[in-house]
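**Q** Below are the structure tokens for one structure; questions will follow.
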Amino acid sequence: MEGMAGQKSSLVWVVNISAFLLVLLWTIPTLGLFVSSFRDRDQISTSGWWQSFSGSEQTGFVRTGTADDQVERDGLYVIEGTALEGTQELTAWGTGARSPAEFAPGDTVEIDPGVNVTVAGDGTYQMTSAQPFEMTRGERIFTTTLSPPSFTIDNYNRVLTAGGLGRAFMNTMTVTIPATVIPILIAAFAAYALAWMQFPGRALLTACVVGLLVVPLQVALIPLLRLHNELGIGKGYLGIWLAHTGFGLPLAVYLLRNYMVGLPREVIESARVDGASEFQIFRRIILPLSFPALASFAIFQFLWVWNDLLVATVFLGNTREQLVMTGLLRELMGSRGGEWEILATSAFISIAVPLLVFFAMQKYLVRGLLAGSVKGG
Amino acid sequence: MELLWLAVSTIVIGVFGCVAWFWGSNWLLDRIYPPRGAKAGDNIRRAGQIRPWLFLGPAILFLSMYLVYPVLDSFWRSLFNSNGSSFVGLDNYIWLMGDAKFRESMVNNMMWLLVVPALSTVFGLIAAQLTDRIKWGNIGKSLIFMPMAISFVGAGVIWKFIYEYRASGETQIGLLNWIVTQFGGEPQIWLTLPVWNNLLLMIVLVWIQTGFAMVILSAALRGIPEETIEAAILDGASPLQVFFKIKVPQIMGTIAVVWTTITIVVLKVFDIVFVMTNGQWGTQVLANLMYDWMFRGTPDYGRGSAIAIVLMILVTPIMVWNIYNARKEVR
């Protein structure tokens, strides 16, 4: 990038490998969730997701037939049967609980004097003895089998058709869209006034907006909840839209003002000279030119509102019908800690939308970040 | 379906309401002070004085109602007892100083403040430097940046899968314990292990914030004048020297911005602790402590508000610094 003269090729390799490792480290956690959401509960609780590509090992045991099942063949007494169900593949077997995987498939082992056992790869066993068998309980055969890697979309079917996620998804949507659209309009007008209109107190107001950027919204929870109750708004969508609008405004005004200040002065001045009113200038010139900044704020606000837990918990309530997706996830983590497959799938669905928005609109997000931060220093 | 209609109609009403306000008030202003006729000059001047406040009106209303008023109200409320019935002066703050959980939260918040901004900035700088130099850098950047779009709660679920514990001897399904056992260690119940659990929660936030640091720092690194770097290379500086002695000093301002921005996020950290440990096992932080006092059991608004005000005081230096910088830029 910097036109380093004479870069050694070994250095290039080091850079590539380190970058790869770093990216891997940052991607693995999300990948883990993604893979887990396609595994059923037994798989999740018996092996790590990173082992799911190599198939999973299972252990079990069966009892052989008893003396009643023996047949005489070529002078030997034989008990036959199969130790496996279905089409599993045997990787190891044994005859004692202490060493359940002692032998390889096909091995022949003498378990008692004159009594031989062999288990083949397909699971069929054969126990032979020169003397007639007399036992009434079968011998135990321990098996270790390998099932091929398997993934399922059952979790998604289950979660999407029941379990409240659909409802939570709708709730989140209902909260997010108005809470993203409304602040933009209010902020755009304010930002224009701060950037291009002359009036006393302009610098002070701008400073206030910068200051309000960092107010922890925890401070606002109780006073606002009371205010809403007194105004008769109470808990509900209206309250949460208003709250998100209020909390998002400082960033919106700040971002948009910074962007609008940078618009070419000549365009605006000449429009004024031509007799355009401020309102016309705003609508015909400023708004269209500010599209990139509007887009970056919209993404910020969308991600922030979609991902928010605290404001939703406080302003919307916690009953099943009111939960947004983050609230639902939290509940799943608490009450159904054991249902990993539901948790993983719900979590992935809840992060899928922001991830889509992120990858589709990354350009604007980066631009907004740069406008919001670098200029501050 | 009803919900969807509600949302759509809100957007329509909200947007329409805003437009109606801006358009209507402007129209009214032009009616009262028409920019023509005998007193056109006077009227234009007067309308020009009023118009900014029409544009700013809704924003000022929202900002004062949803941010300024709550700060003042919280402060006022923090001087009262649990249900706000009697004035107790600074008792709530004095009580905080002696409360073990509050001290634990303060210590933890300080640890978060030291570790998270530092690690995020360092990793962000490394990631920026590495990805700027390789062909697939943009894909790499996207992937490191990606956690930024994931909610703290989602991140909590993701990392719960990594920290999960199974008894020794069973197959470990948590990646961390699996790695530990592969190296012959004993699996641990990480989230209940004091001090370590704090660090593991911090890692979740570092994972989220590194992308942010990387994006900003990468832009700053590219803005460094080429000549300074070329001169250093001609003078025989090694790549590491170029990085630490030429590049880093030139982006110190940006590093400070990244650092303070992450510091603010850290001070307010709530969701991660809330969903992963809920402040148990020595992981309490201020925001979660406040939530406990305000919404769990019998609410104590006095103490809750006092904690909120402590948070507010902690962010104030950064607020002042930001305002100072912003004003410097305006001049």
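Positions of Cβ are set from backbone N, Cα and C atoms, glycine also.
What you are looking at is a predicted structure, and each value in this text was computed from that prediction instead of being measured.
Positions annotated as domain 'ABC transmembrane type-1' by TrEMBL: A:169-361. The transmembrane segment annotation in TrEMBL covers A:12-35, A:175-196, A:203-225, A:237-256, A:285-306, A:342-361.
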**Q** Does the transmembrane segment (A:12-35) reach the transmembrane segment (A:342-361), going by 3 or more CB pairs under 8 Å (6 or more apart in sequence)?
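**A** Answer yes: the transmembrane segment (A:12-35) meets the transmembrane segment (A:342-361) with 3 or more Cβ pairs below 8 Å.
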**Q** Counting only CB pairs under 8 A, let me know which of A:175-196, A:203-225, A:285-306, A:342-361 has the most with the transmembrane segment (A:237-256).
**A** A:175-196
**Q** Do any residues, 6 or more residues outside the transmembrane segment (A:285-306), come within under 8 Å Cβ-to-Cβ of it, and if so which ones?
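**A** That would be 172, 175-176, 179-181, 183-184, 187-188, 192, 196, 244, 248, 251-252, 255-256, 258-260, 263, 267-268, 271, 353-354, 357-358, 361, 364-365, 367-369, 371.
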**Q** So what's near the transmembrane segment (A:203-225) in sequence-distant terms, Cβ-Cβ under 8 Å and 6+ beyond its ends?
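**A** The answer is 194, 235, 243, 246-247, 250-251, 253-254, 257, 310-311, 314-315, 376.
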